[in-house]
Structure formats: structure tokens, C-alpha cells
Amino acid sequence: MTDRYAVFGNPISHSKSPFIHGQFAAPTQESLTYEAILAPVDGFEASLTAFFNAGGKGANVTVPFKEQAFALCDSISPEAKLAGAVNTLSLLADGTIRGDNTDGLGLVADLIANLGSLQDQRVLLIGAGGAARGCILPLLNAGIAQLTISNRTHTKAQLLVDIFTSVDNGAYVSKVTAVEMSELAGEFDIIINSTSASLAGELPPLPAHIITTQTVCYDMMYGASVTAFNQWALSQGAAKVIDGLGMLVGQAAKSFTLWRGIEPDTQVVLTLLRDKLMAEPK
């Protein structure tokens, strides 16, 4: 019997998830289908319920439904709890729905694939939205030394720190701080841009001095060409820049493992996806 999976969003036609999961399944002989489902903005719950009632086993969730999906879960992972959102839903044997957030896990997996280790790294996280919130715990669990969060609106960055502090057991509280962009000082080993500014060709208002010849810069956005943030980072002398395509594949791989119990080969799929992206009409 073929198991059904899907990704829900609005819009959704641009989604690369069906291609990614199809590539994950092919070498494993896993019998499954994976489709993109356009859910009405006011009809996500009904669409999801219909999918599960028709035999769906699991689903990914993207904009704008991640918070709604969180509210529908019977159980959630620690990462999802802190993120306040889920991107992966699993229908369990007892009929309940488990929610996970694999976005931050995908980011960490891609960083480790590129850098080898995150142990004792000093990380600056730009942005304080859902993408940033979902990455805090995975980054800390990876062994980083400190996490500085900075956002155009400082109160949002501080709120993110406060939310984390309220749910943390005390092990990481001293490692997480919020700093205004204009007051950023010192050196960072890794700078992560979680904002969508690059999609509009824009940049967060960051001081150039925070980038050194040792700094690795990571933009969660991606495209056929170098993103605006990564172009700026290179112009300031960054040691290395990485875009978010590997994070996309990484979070999908974590979802696939949750559903199927198999760890897919992400590097092969990332290469295929990069080639596919480069071949798309500009």
C-alpha cells in the first residue's frame, strides 16, 4: 500500500518539497506519494482533516499555517514548543497528531555539513520572526558558545530572548542575549540572516565591522544567484557564505526520518536541487 504525504501552504505552487521527498524515497524503495496542497487561508484545518481522513500519514506545513498547525497537535516536540509553530505533522497509530519543527534542525545539519562542527562558536542571529525562533534550541543543542539575537525592532529580539528564558531549564539562559543592531560589537564566528530581506534585494541595517576574514555568513534565503545578504558579506571580507537551500533539504530530511525511520542522503539531493534551480528561467 502506498503511503500519502503532502505539504500544505498558500501559496504552494513554488514548493520544492514534492521533488525533494520524491528523491529521498527513490533509492530506498519506499512506497509513498508526496503532493503539494493549496489550502484556503481560512480552511487549513478542514483541508488537513480531509487529508488525514483519506489516509494521509504525515504532512509538512509552510506559510501561513505553521501556527495553526501547532494548535491542532495533540503532542509536540521541544523544538516545536519553543518555536510556537510546527512544520511537520505525523498521524500516530492511536489517531493523535504529533507536531515537530525541523527548520532549526535542518539549519544546524547544513551548517555542520559545511563547517564540520558548531562547538563553541559565537553566533549572531539576525531577525526575530518565526524562522529565528525555530532555530534557537537546535543551535544551542549543537554546542555553540553564545547566541546574540538582533532585530531591526529591538523589542522583538528581546521578546524572543524572554520567551526562550521562560521555557529553558536554566542550562542555556546565560548564552542568549538580545542586542540592538546599532550596538553590535565584537566578533562573531557565524552570522545567520533569518530575515527575508534578500528576496527584495535588501539588507538588514548591520554595521560592517561585525564581519571579519574569519566570519561565516549564512542567509536562510536562496536563489539561482548569490543572495543580497551574502553578496554584502563577501564585499565585507567574509571567509565563507552559505545560502539556505541546504537548510531546505535538511529540514525535509528530518521530516522524512520522522515519518519513515530512514535518514536520506541530503548531499545528493542538494546537488540535484541546485542544478534544477540554476536551470529555471530567470
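Using the three backbone atoms N, Cα and C, a Cβ is placed for every residue, glycine included.
As recorded in Swiss-Prot, the features of this protein are as follows:
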- Lys66: active site, proton acceptor (ACT_SITE)
- Ser15, Lys16, Ser17, Thr62, Asn87, Asp103, Tyr222: shikimate binding site (BINDING)
- Gly127, Ala128, Gly129, Gly130, Ala131, Asn151, Arg152, Thr153, His154, Thr155, Lys156, Met220, Gly244: NADP(+) binding site (BINDING)
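All features noted in Swiss-Prot, drawn onto the structure.
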residue	record	CB count, 10 Å
Ser15	shikimate binding site	19
Lys16	shikimate binding site	17
Thr62	shikimate binding site	19
Lys66	active site, proton acceptor	24
Asp103	shikimate binding site	30
Gly127	NADP(+) binding site	24
Gly129	NADP(+) binding site	13
His154	NADP(+) binding site	17
Lys156	NADP(+) binding site	15
Tyr222	shikimate binding site	22
Integer Cα-Cα distance in angstrom, Thr62 (shikimate binding site) to Ala131 (NADP(+) binding site): 11
Most Cβ neighbours inside 10 Å, all chains, among the binding-site residues Ser17, Asn87: Asn87
Packing count at Ala131 (NADP(+) binding site) (other Cβ atoms within 10 Å of its Cβ): 23
Spatial separation of His154 (NADP(+) binding site) from Asp103 (shikimate binding site) - C-alpha basis, Å: 23
Alpha-carbon distance [Ser15 (shikimate binding site); His154 (NADP(+) binding site)] in Å: 32
Proximal but sequence-remote residues of the same chain as Arg152 (NADP(+) binding site) (Cβ under 8 Å, at least 6 apart): Met181, Pro204, Pro205
Those recorded positions of Lys66, Gly127, Ala131 having Cα within 10 angstroms of Asn87 (shikimate binding site): Lys66
Long-range Cβ environment of Gly244 (NADP(+) binding site), under 8 Å and at least 6 residues apart: Leu107, Asp110, Tyr218, Asp219, Met220, Met221, Tyr222
Spatially closest candidate among Ser15, Ser17, Gly127, Ala131, Lys156, the listed binding-site residues, to Lys66 (active site, proton acceptor) (Cα to Cα): Ala131
Length of the line joining the Cα atoms of Ser15 (shikimate binding site) and Ala131 (NADP(+) binding site), in Å: 17
Candidate binding-site residues Gly127, Gly129, Ala131, Lys156, pick with smallest Cα gap to Lys16 (shikimate binding site): Ala131
DSSP state at Thr62 (shikimate binding site), helix/strand/coil: coil
